[in-house]
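Taken from TrEMBL as is:
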- 142-240: domain 'Cadherin' (DOMAIN)
- 151-173: region 'Disordered' (REGION)
- 153-167: compositional bias 'Basic and acidic residues' (COMPBIAS)
- 241-358: domain 'Cadherin' (DOMAIN)
- 359-472: domain 'Cadherin' (DOMAIN)
- 473-580: domain 'Cadherin' (DOMAIN)
- 579-690: domain 'Cadherin' (DOMAIN)
Amino acid sequence: MDWGRIRDGEVLLLTSAEDLDCTPGFQQKVFHINQPAQFIEDQAILNLTFSDCKGNNKLHYEVSSPYFKVNDDGSLVALKNITAVGKTLFVHARTPHAEDMAELVIVGGKDIQGSLQDIFKFARTSPVPRQKRSIVVSPILIPENQRQPFPRDVGKVVDSDRPEGSKFRLTGKGVDQEPKGIFRINENTGSVSVTQTLDREMIATYQLFVETTDVNGKTLEGPVPLEVIVIDQNDNRPIFREGPYVGHVMEGSPTGTTVMRMTAFDADDPATDNALLRYNIRQQTPDKPSPNMFYIDPEKGDIVTVVSPALLDRETLENPKYELIIEAQDMAGLDVGLTGTATATIMIDDKNDHSPKFTKKEFQATVEEGAVGVIVNLTVEDKDDPATGAWRAAYTIINGNPGQSFEIHTNPQTNEGMLSVVKPLDYEISAFHTLLIKVENEDPLVPDVSYGPSSTATVHITVLDVNEGPVFYPDPMTVTRQENISVGSVLLTVNATDPDSLQHQTIRYSVYKDPAGWLNINPINGTVDTMAVLDRESPFVHNSVYTALFLAIDSGNPPATGTGTLLITLEDVNDNAPFIYPTVAEVCDDAKNLSVVILGASDKDLHPNTDPFKFEIHKQAVPDKVWKVSKINNTHALVSLLQNLNKANYHLPIMVTDSGKPPMTNITDLRVQVCSCKNSKVDCNAAGALHLSMTSLLLVSLFTLACL
């Protein structure tokens with residue numbers, strides 16, 4: 001056997017009996033040359049002869065290395081002076097009628113990335129051993145992205161011992177398994193064809209199987225593996241898939257500081273130069289202070305600084321943000337390579353290398369006495385980044401604030417120091433104040449920078465005199481008196497003083513709030529007396545305390561007013577008689593339990609002018625031996641019958657007396673309804689005439705004084 005044709009990318013074994021007068025393809029498939037010291041630009045290396053047996057119309061050559069080309073006359077030349085190209089070159093020739101591939105073996109050449117020898121997994125110069133099989137197959141090589149027409153033959157299977165009438169059968173993924181229908185075989189001749197364009201990035205190899213069958217479909221020989229290898233074309237651009245790309249570098253960083261890494265992806269075969277990427281910076285914006293502020297490692301994609309630390313000064317840069325257009329190019333960066341770009345944003349980060357400085361050495365402020373709030377804003381300058389703690393200011397009062405009357409806080413928007421009065425100032429005590437303020441940053445300064453004299457400032461504060469209202473002393477004022485004291489009784493004399501001691505003003509007094517209208521005040525001397533009876537039980541008194549407000553008005557222009565509070569504690573007097581509850585009760589005319597009702601008593605006065613209470617039946621109005629009152633405790637008693645009564649309404653005068661000195665007594669009629677109670681029904685209607693003769697009044701109050 002000998003090597004036969006390569007047609008449409010196929011490699012197949014033919015017997016000498018199949019030779020024809022004109023065989024499309026290269027006349028010589030394999031060439032051997034010694035590795036020269038250097039391939040010289042445009043110098044012919046060898047001559048290739050290709051024929052499609054139809055005139056070679058539209059003949060096109062492709063070389064596996066971008067450093068070589070084939071001229072129209074078939075001469076292979078280098079595009080530039082080059083020393084190493086690998087161990088093997090492949091030349092692909094194609095016309096509309098035929099195509100073939102030739103191999104150039106460079107004796108003494110060294111492997112480099114991208115050699116197609118790694119893809120061609122068989123020796124082109126050695127026949128495939130047949131072992132004990134009569135089916136002869138060789139791997140089929142098919143370039144991806146082939147154009148119409150389809151189907152096209154790509155290889156052939158030979159069976160020298162195939163019985164007459166037997167047929168070839170092809171199976172596997174790409175034939176009868178998904179993706180189906182890509183390959184097929186001529187069952188009589190063994191020619192393998194492809195039906196559509198292949199994409200190596202989708203499927204790089206197909207594992208098929210060939211067998212021979214008889215007329216009934218029974219396998220005679222096989223299956224024998226047939227590998228189809230899709231040859232990579234540089235049809236994928238590099239892409240950056242991990243964006244956005246943002247890097248940070250501290251200002252003043254040393255030359256060569258790594259900022260970030262850019263990595264692109266190429267879907268082509270990583271074993272070829274089709275996916276061998278090189279990086280470069282296409283554009284830098286802005287281009288000041290240097291158009292080459294950064295460098296990118298062409299192989300790794302690391303971006304590093306290349307300018308001196310002095311040029312990386314954020315405060316002197318036109319813009320602390322740089323945008324770099326990064327290009328990734330395959331084919332190891334050669335001009336024939338495809339490119340992809342991405343934008344890298346690099347931020348020059350601030351460090352605290354500038355201390356804050358007051359815009360002036362002294363600040364002035366004025367404030368009225370008694371007022372609080374912000375009195376002056378202290379301004380500073382800082383060249384650092386406003387978005388960082390290297391710019392934000394922190395203020396401290398370091399002198400002149402012994403009474404803690406002042407505080408200073410930072411305005412987060414303006415960075416100014418807002419000096420405030422938090423405790424009212426008194427002009428009469430001090431009309432002037434002087435504060436010493438320092439300013440620092442939130443972040444510490446870098447070691448070679450310190451705070452200087454400009455980081456402190458003096459604030460002079462002038463206190464303005466205002467007409468202040470008189471002040472009562474004490475406030476509140478307290479006094480204790482018995483209720484019911486006689487009208488005109490003097491309670492106290494109030495005292496108010498004017499804080500404006502230097503103005504020598506007079507003070508007049510008036511009543512401001514007197515809810516019950518009990519009080520009067522002398523406008524000149526402030527004497528307070530009563531003009532009505534004081535009643536501890538009044539709704540204006542709370543917890544035995546009556547509250548009134550008075551005004552003290554000075555003679556200033558305009559006059560100023562002060563307010564004072566008087567708290568009068570009223571002592572109780574037994575001036576309220578007790579009263580009973582309830583005043584109505586019901587009882588059945590045939591009740592076995594003659595208890596009528598439990599009475600309670602209450603008194604508005606305070607102890608000891610209240611309980612224990614004494615309960616009695618007013619003897620003068622009710623006959624004996626019908627009713628009975630029994631004490632239960634200090635505040636309650638039980639009213640009961642001594643015998644059953646007929647159905648009627650009865651009025652029983654109850655007399656209750658408190659424990660005051662002197663005591664007070666109250667007589668109240670207790671209305672008792674004697675009802676008919678039969679068959680669980682209570683009937684209190686249609687009560688007859690009063691069974692007992694009583695006074696016409698329902699409620700009689702009697703106030704008696706016991707003998708002293």
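The backbone N, Cα and C atoms fix where each Cβ goes, and this holds for glycine too.
Where the annotation comes from TrEMBL, it is an automatic prediction and has not been curated.
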Go ahead and report the DSSP secondary structure tallies for the domain 'Cadherin' (241-358): helix first, then strand, then coil. 9 helix, 48 strand, 61 coil
Where DSSP helix means H, G or I and strand means E or B, what are the helix, strand and coil counts for the domain 'Cadherin' (142-240)? 0 helix, 47 strand, 52 coil
By DSSP assignment, list the helix, strand and coil residue numbers for the domain 'Cadherin' (579-690), in that order. 0 helix, 59 strand, 53 coil
Counted with DSSP (H/G/I as helix, E/B as strand, rest coil), the domain 'Cadherin' (359-472) has 3 helix, 53 strand, 58 coil
